[in-house]
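S.K.: Quick paste of what Swiss-Prot says about this protein:
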| type | residues | note |
| --- | --- | --- |
| BINDING | Gly153, Val154, Ser155, Arg156, Ser157, Gly158, Lys159, Thr160 | ADP binding site |
Amino acid sequence: MSQRTVFFISDGTGITAETFGNAILAQFETNFRHVRLPFTDSVDKAHQAVREINHAGIVDGNKSIVFTTLVDMEVLKVITDNCHGMVLDMFSTFVHPLESELNLKSSHRIGRFTDASKSSAYQSRIEAINFSLAHDDGQSNTDLEHSDIILVGVSRSGKTPTSLYLAMQYGLKASNYPLIPDDFERQQLPPALKAHKSKLFGLTIQPERLSEIRNERRPNSKYASLENCRMEVSEAEAMMRRSGIRWLSTTTKSIEEISTTILQEIRPERLAY
């Protein structure tokens, strides 16, 4: 199949257009060339975008696909009237019908993150990220009671990226704590976690995959050996079962899938949007 270029155009950061567009494109098993055009917030910039879109179509021999989140109708009109691509505008598709249904006018605010630094949701995210970094890999037991979620599991099972995703995406204070051989010998959770069992969620992983990941970090070590990985995973899963901790395998799941499952199970009281 010949190349097809996809443009993500916004008068803000373009994050919404790109997220929406990529979710749609993921349904099609083909490769696209991605071009981001954020801050397209004037007629002049819109005409420049049109030139890029039309040029890409000529080079590719195919219409470009254009995902937009443009609030300024004059800017959007330049795109829709002059470009030779297939234009998919989120606001025309969703916001305008909602205005009719709700009998309300939308704010038509440019950019999802306009004045974001002043919003409570933004501040919650910053606080959550700082908290999660301070409580990564059991670094600190201080204020552990303020965690919304505490992830537990063996080293390299996906705890850190999941904690940071929960903090950045939802403003949740997500701590994470490793389960190590000393815990397995005692056959008990780390003492610092016992008072917070309702907030615990376990992550596990197939030993073979864990060994691959660890060998990238510390090749040919006991830590990365398949035998050791099998032992740690088995002991960690047994401990989680004994302690009544909910858990899932991260082996074939994305960070987004892991986080969504955790939220369904834990159901924290607050989320920052």
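Every residue, even glycine, has its Cβ placed from backbone N, Cα and C.
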S.K.: Determine which residues of the same chain, besides Gly153, Val154, Ser155, Arg156, Ser157, Gly158, Lys159, Thr160, have their CB within 8 A of the center of the CB atoms at the recorded ADP site, and list them by sequence.
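M.R.: For the ADP site, the extra neighbours are Asn176, Pro178, Leu203, Ile205, Thr250.
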S.K.: Within the chain of Lys159 (ADP binding site), which residues six or more apart in sequence place their C-beta under 8 angstroms from its C-beta?
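M.R.: The answer is Asp137, Leu151, Val152, Gly153, Asn176, Tyr177, Pro178, Leu203.
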S.K.: Among Gly153, Gly158, the binding-site residues in question, whose Cβ has the most other Cβ atoms within 10 Å in this structure?
M.R.: Gly153
S.K.: Just counting, how many other CB atoms are there within 10 A of the CB of Val154 (ADP binding site)?
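M.R.: Its Cβ shell of radius 10 Å holds 27 other Cβ atoms.
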